[in-house]
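Worksheet: one structure, shown below.
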C-alpha cells in the first residue's frame, strides 16, 4: 500500500486479504497498477464485455424513456408531471453508469470513487421509490397540485443527503488503497464456507482491495429497501381489497389499471430483496474471486429489474391514459376534499 504523504488513518495490512497472485515473492511487496500501462477494460474476462455493452444499452434506454415520459407529460397529459418518476429514471440510469465505472480499470482514486458511487446509486434509487410512496400518501391528505412538486423534491433531497456523509466518511477512513496488478488466473469453484471468519478483509476484485466493513455502509440503503418493500406490499394489498369490495362501483373502474402497476412494483422489490440476499451470501461466505463480479452483476440486475418492472410499465400506463384517469389512481384508497378543491383552484388559475 502506498502510505506516503497522507494524513488519513491507515488500516494495518494484517487486516487485509491478499491473493497469492498479488504478492511479489522476491521482495514480498504488493503489486500495484501505478507502474503498469494496462488497457482500460479487462476484456479477457468473458463476462465483462457483454455486461459493458448491456450497461450502455441500459443507459440509452433509460434516457429514451425519460424523454418519452416528458413528451407524454407535456403534450398528451397537459403538463401532468410527476417528479418522482423522473427521479426513478435518473437513478436507474445512474446505476448503469456506475456499472460501467466498475468495469474500468481502477487506481487508488477509482477504488474509493466506485465504492462511494455504488452506495450513492442505490440511495438514489430507493429514495426515489420511497419518495413516490410518501407523495402518494401526502397527495391524498394535505397537498394540492401547487405544492406537490416542491414537496417531492424536498423529500427526495433529504433522503439522498443522509447517505452523502456516510459515503464520504467511509472514503476518508479507508484511504490510501491498494490496487492489484494482475488478474486472478484461478477460477475457484463457487462454494459457500459458513465457517469462514467474516471479520477478514476480502479482495473486492482484481482491481481493488476493500475493507470488510464496506458492507456496513449499505445499512441505510438496506433500511430504505426494507421500507419500500413493506409499503409496496401494503399498497398492493389495500388496493386489491378495496377494489374487491367495490367491484360494482363505476367511480373506481379506471383505477383498476393501477392494480397491475402496484403488482409490478411489489414484484420488483421482492426480486431486488432476493438479489441483495444472494449478494450478501456471496460477499461474506464465497471465495474472494466472486466478490467483485457479484457486486457489479448485482447492480446491473437491480437496475434491469427496475427498468423492466417499474419504468417500462409506468410509461406504457401513461401512454394509454388520459389526464382525467390519472387524477384518480393516487386517491383510490383515501380521499381529501380540501386537496381536491385546491386542485380545482389551481386549474382555474392555470386557465
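If you go along the chain as it appears here, the first residue is 1 and each next one adds 1.
Glycine is no exception: its Cβ is also placed from the backbone N, Cα and C atoms.
No curator has checked TrEMBL annotations; they are predicted automatically.
When the ranges 184-208, 259-283 are checked against TrEMBL, the one recorded as transmembrane segment is 259-283. Of the recorded ranges 47-71, 83-104, 116-134, 289-312, the transmembrane segment (154-173) has the largest number of C-beta contacts under 8 angstroms with 116-134.
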